Amino acid sequence: MFLAVDIGNTNIVMSFHDGKQWGRTWRIHTDTKKTSDEYLVIMETLWENSGFDRTAVRHAAISSVVPNLTRAIQKDIQRIFSISPLMLSMQVKTGLDMSTVPSEIGQDIMCNLAAAHQMFPDRVAMTLDCGTAMTFSTVDEKGRVLGVAILPGLVTAVNALFGNTAQLPQVELKIPTSVLGRNTVDSIRAGIMLGYIEMIDGMIERTEKELGKKIAVIATGGLSSTIASEIPRIDVLAPNHTLDGLRLISEMNRETT
Ligand SMILES: Nc1ncnc2c1ncn2[C@@H]1O[C@H](COP(=O)(O)OP(=O)(O)O)[C@@H](O)[C@H]1O
Ligand SMILES: CC(C)(COP(=O)(O)O)[C@@H](O)C(=O)NCCC(=O)O
Ligand SMILES: [K+]
């Protein structure tokens, strides 16, 4: 079995792949104040309840955009499974033309680009990742990274409006029936959900205009399943896209790890 760990700003996602499909997935809240020992307790508990055989996990890989937690989680994986996880970096093989990868790029974005290029090897492919941040990352048919756009994710945008001292009720982010909100909650849904949908459509169109060709679009992360149905330009909804990229990269680097 292969274990993928994607340390994001909201969730640490851990999922097991048996060679055919992703099985059990754990989502652990990202908390930079937690220590390696605290995460060890959480992971040990989850693992014990799963009933899996520890020795079945032969390979692991970690992608992290939270540097403070990277080392702690790496240590825990080593202790629980007695294996050294592959740590993503600019030095690993990804199937991308590494000379075109911006040096500051987030590791989750690198996974998305690698998985997108594998999914659409003959096309320009864009991944829309709806996490804490919303990111658009685009790779061409030669594995060259064309570029990335970053903006606040849907929930981050709502939190930016009202913070933690909200006078307003928690808003469940769903698609409203009208763009003309008649109460505060529906107005926020109209602004955030329909506004983001229009923005995403516009970003896809703008990218195609700049490149002068049609692109393939993959959506993943957080609330992607809620908005994808409203955006016909999305070709594939792939909830495990970042993990697929991590798995692909792990396989490419096995002989050297
Ligand atoms: N049903 C849901 N599943 C996952 N994330 C959700 C869901 N509903 C809302 N979200 C929001 O999506 C974001 C988390 O997405 P995720 O892809 O896990 O982010 P990250 O990779 O940044 O940790 C958060 O802002 C979270 O509040
Ligand atoms: C853009 C991100 C914050 C997205 O993180 P996420 O929403 O998945 O937690 C992350 O990929 C990151 O910190 N990137 C570094 C900046 C860059 O990609 O250029
Ligand atoms: K992510």
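The backbone N, Cα and C atoms fix where each Cβ goes, and this holds for glycine too.
TrEMBL does not curate its annotations; it predicts them automatically.
Here TrEMBL flags Asp6, Ile7, Gly8, Asn9, Thr10, Asn11, Ile12, Val13, Thr132 as ATP binding site. Positions annotated as substrate binding site by TrEMBL: Gly106, Gln107, Asp108, Ile109, Thr184. The feature active site, proton acceptor is assigned by TrEMBL to Asp108. The K(+) binding site annotation in TrEMBL covers Asp129.
Only Gly8, Asp108, Thr132 of the binding-site residues listed as Gly8, Ile12, Gln107, Asp108, Thr132 bring a Cβ under 6 Å of any atom of ligand 2; the order follows the sequence.
Spatially close to Thr10 (ATP binding site) yet at least six residues away along the chain are His29, Thr30, Gly131, Thr132, Val155, Gly222, judged by Cβ distances under 8 angstroms. For ligand 3, the binding-site residues lying close by, meaning a CB under 6 A from one of its atoms, are Gly8, Asp108; the full candidate list was Gly8, Ile12, Gln107, Asp108, Thr184.
On a Cα basis, Asp6 (ATP binding site) lies 9 Å away from Gln107 (substrate binding site). Among the binding-site residues Thr10, Gln107, Asp129, the residues whose Cβ lies under 6 Å from any atom of ligand 1 are, in sequence order, Thr10. Gln107 (substrate binding site) has a Cβ environment of 25 other Cβ atoms inside 10 Å.
For the pair Asp6 (ATP binding site) and Thr184 (substrate binding site), the Cα-Cα distance reads 35 Å.
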